[in-house]
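First the structure, in the form of structure tokens, and then the observations on it.
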Ligand code: F6R
């Protein structure tokens, strides 16, 4: 796992944007795995800004989002379809026909989950998977105790996730209780993963992911098994790590090492 610690939130976002932009420039027909949540918003804003400045085009890109809430139609204000349109797709030349998210309002959500997994495989898999991390160590909506061999399926969200999502809905009743999410094995099949964690509230989960045992209790720890995972942290999110000096030594200022 490549651990890059950046001095500030802003620097961490710019570093993550560098990696995504480099991927799109290197292979204009690449397939990106996309995440949602608060952490991704400034990253998508930075990518949209760079696109508008002419740094890269997304016309050849295919994307697959990690997850969507069961029961929400694409035009629901709280849906991840809407989030992605507002945060990235409408601000770039991303072709909407190749921007995939699970359909939250599918009549048969279980069949939709299986079909989504098949669509990722048919597209040839994911080149770069973006990830955030929940305070409980979830990636996508793979909550603690999710099987490390799991595939795209329906997950029941934990109380802590419902609480974190409450801010996006008007009432408690509206907060979705289930999501269709890529599984942990699905995520691990991406050719590279890039996880961004910012702020003190993510420090404990980041430490468990990077330095804890590989365990379903911290689903993100499964990334220790992935040979091409980069984790970008700001100082606050890195504050509970034990080997901080080593990470700074290998990647001073969050830069590449001489051999990576
Ligand atoms: C959503 C997703 C989630 C979030 C995580 C962190 O697509 O993948 O795993 O990345 O819940 O969310 P924020 O960034 O809001 O703290």
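Just so it is clear, glycine is given a Cβ too, placed from its N, Cα and C backbone atoms.
Here's what TrEMBL has on this protein:
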- 67: active site, proton acceptor (ACT_SITE)
- 136: active site, for ring-opening step (ACT_SITE)
- 138: active site, proton acceptor (ACT_SITE)
- 143: active site, for ring-opening step (ACT_SITE)
- 14-230: domain 'Glucosamine/galactosamine-6-phosphate isomerase' (DOMAIN)
- 146: site 'Part of the allosteric site' (SITE)
- 153: site 'Part of the allosteric site' (SITE)
- 155: site 'Part of the allosteric site' (SITE)
- 156: site 'Part of the allosteric site' (SITE)
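Around the Cβ of residue 155 (site 'Part of the allosteric site'), a 10 Å sphere holds 23 further Cβ atoms from the protein chains shown. Distance from the CA of residue 146 (site 'Part of the allosteric site') to the CA of residue 156 (site 'Part of the allosteric site') is 10 Å.
Candidates 67, 136, 138 (active-site residues) were compared with residue 146 (site 'Part of the allosteric site'); those inside 10 Å Cα-Cα are 138. Shown are the recorded positions 136, 146, 156; the one with the most C-beta atoms within 10 angstroms of its own C-beta is 146. If you take the Cα of residue 143 (active site, for ring-opening step) and the Cα of residue 67 (active site, proton acceptor), they are about 13 angstrom apart, rounded to a whole number.
Taking a Cβ distance under 6 Å to any atom of ligand 1 as the criterion, the recorded positions 67, 136, 143, 155, 156 reduce to 67.
Taking Cα separation as the measure, residue 153 (site 'Part of the allosteric site') is nearest to 67 of the active-site residues 67, 136, 138. For residue 143 (active site, for ring-opening step), the number of other Cβ atoms no farther than 10 Å from its own Cβ, over all displayed protein chains, is 21. Cα to Cα, residue 138 (active site, proton acceptor) and residue 155 (site 'Part of the allosteric site') are separated by 12 Å.
Residue 136 (active site, for ring-opening step) and residue 155 (site 'Part of the allosteric site') have their C-alpha atoms 15 Å apart, to the nearest angstrom. Long-range Cβ neighbours of residue 67 (active site, proton acceptor) (same chain, at least 6 residues apart, Cβ-Cβ under 8 Å): 36, 80, 102, 140, 141, 179, 180, 181, 182.
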